[in-house]
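**Student:** According to TrEMBL, the feature domain 'Tetrahydrofolate dehydrogenase/cyclohydrolase catalytic' maps to 5-120. Taken from TrEMBL, the feature domain 'Tetrahydrofolate dehydrogenase/cyclohydrolase NAD(P)-binding' applies to 139-284. What TrEMBL records for Gly165, Arg166, Ser167, Ile231 is NADP(+) binding site.
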Amino acid sequence: MATIIDGKAVAFEVVASVAKEVATLVEQGLQRPGLAVVLVGDDAASQVYVRNKIRTSEQAGITSIEHRLAADVSQQTLLTLIDELNASDQVNGILVQLPLPDGLDEKLILERISPAKDVDGFHPMNVGALSSGLPSLVPCTPQGCLIMLQQQLGDLSGKHAVVVGRSNIVGKPMAALLLQQSCTVTVVHSRTKNIEQLCAQADILVAAVGRPEMVKASWLKEGAVVIDVGINAQEVDGKRKLVGDVDFADCLAKVSAITPVPGGVGPMTIACLMQNTLIAAKRQLGFSGN
Ligand SMILES: Nc1nc(=O)c2c([nH]1)NC[C@@H]1CN(c3ccc(C(=O)N[C@@H](CCC(=O)O)C(=O)O)cc3)C=[N+]21
């Protein structure tokens with residue numbers, strides 16, 4: 001029987017351990033970690049995610065400060081806000097919700113966030129640190145995937161991991177993390193010629209492409225562990241339904257373990273954001289190490 005990995009339950013454990021450490025900091029008279037969440041415009045999906053982030057912050061004992069800006073905000077206003085957040089000692093982590101509305105230069109804005117407060121791990125400094133194995137803030141989604149894989153498989157060394165997708169926010173950092181764990185890593189993408197044959201070699205398959213139910217059982221090796229990063233909203237009988245990048249029903253009988261959508265990677269992403277905020281806060285307080 002395949003294991004359906006309960007991302008919600010694992011996330012709950014991660015958040016509980018963050019909450020415990022936060023409580024210890026506060027008991028020692030240190031400042032409670034603070035996370036600033038910047039939401040530009042009124043994209044419906046973004047509102048749901050931001051609400052989840054704020055609710056989880058409360059559970060972790062992290063103070064969250066929400067900044068909502070109109071979709072037509074000027075780039076300069078947004079950059080000035082980031083400068084203020086960078087300078088504020090109440091704020092340990094800064095997250096600018098993506099995607100940004102048209103007309104804003106995403107690269108310029110993300111680069112403005114102080115690398116020490118970059119809890120998304122998207123700043124080029126953190127990207128470079130991750131790929132060279134230096135201490136860094138690691139992107140939340142791939143970190144969440146790694147935690148679930150380690151919980152399922154223990155040591156990952158020598159496993160063949162196939163990452164489907166090469167985005168800066170998931171595919172590339174996922175590959176870097178798996179390589180760091182001594183996996184043999186293959187990254188496949190839209191221009192790859194023999195995707196299905198490559199996927200069929202995977203002990204671990206991470207799907208992060210944003211194409212509903214693209215990965216089928218016929219692509220998989222018997223007993224593979226499958227992590228589904230896709231969150232695709234579909235209309236079924238007039239109702240909003242979320243499906244992943246993996247055809248879950250088709251693949252279930254062939255895998256040894258698989259994450260569901262919802263209830264898999266999504267909650268882990270938010271839990272890792274809490275973890276990153278704690279790590280950033282501790283470094284800013286002068287704790288050494290991780
Ligand atoms: N700067 C930035 N950092 C991000 O980490 C970031 C972002 N921008 N933009 C959007 C994506 C998406 N994302 C999700 C987080 C949690 C769920 C989540 O909790 N999903 C629930 C379901 C929620 C629902 O019902 O829609 C689940 O999968 O169980 C989903 C998606 C973070 N992102």
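Keep in mind that glycine also has a Cβ here, set from the backbone N, Cα and C atoms.
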**Student:** Enumerate same-chain residues with a sequence separation of six or more from Arg166 (NADP(+) binding site) and a Cβ-Cβ distance below 8 A; give 'none' if the list is empty.
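**Tutor:** Residues satisfying the criterion: Lys172, Val187, His189.
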**Student:** Please go through the binding-site residues Gly165, Arg166, Ser167, Ile231 one by one and keep those whose C-beta falls under 6 A from any atom of ligand 1; give the result in sequence order.
**Tutor:** Ile231
**Student:** Given the binding-site residues Gly165, Ser167, Ile231, which one is most crowded in terms of C-beta atoms within 10 angstroms?
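**Tutor:** Sorting the candidates by Cβ neighbours within 10 Å, the top entry is Gly165.
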**Student:** Under DSSP, the domain 'Tetrahydrofolate dehydrogenase/cyclohydrolase catalytic' (5-120) has how many residues in helix, strand and coil?
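**Tutor:** Helix, strand, coil within the domain 'Tetrahydrofolate dehydrogenase/cyclohydrolase catalytic' (5-120): 61 helix, 19 strand, 36 coil.
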**Student:** Just how spread out is the NADP(+) site if you go by the largest Cα to Cα distance in Å among Gly165, Arg166, Ser167, Ile231?
**Tutor:** 16
**Student:** Please compute the mean pLDDT of the model over the domain 'Tetrahydrofolate dehydrogenase/cyclohydrolase catalytic' (5-120).
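**Tutor:** It averages 96.
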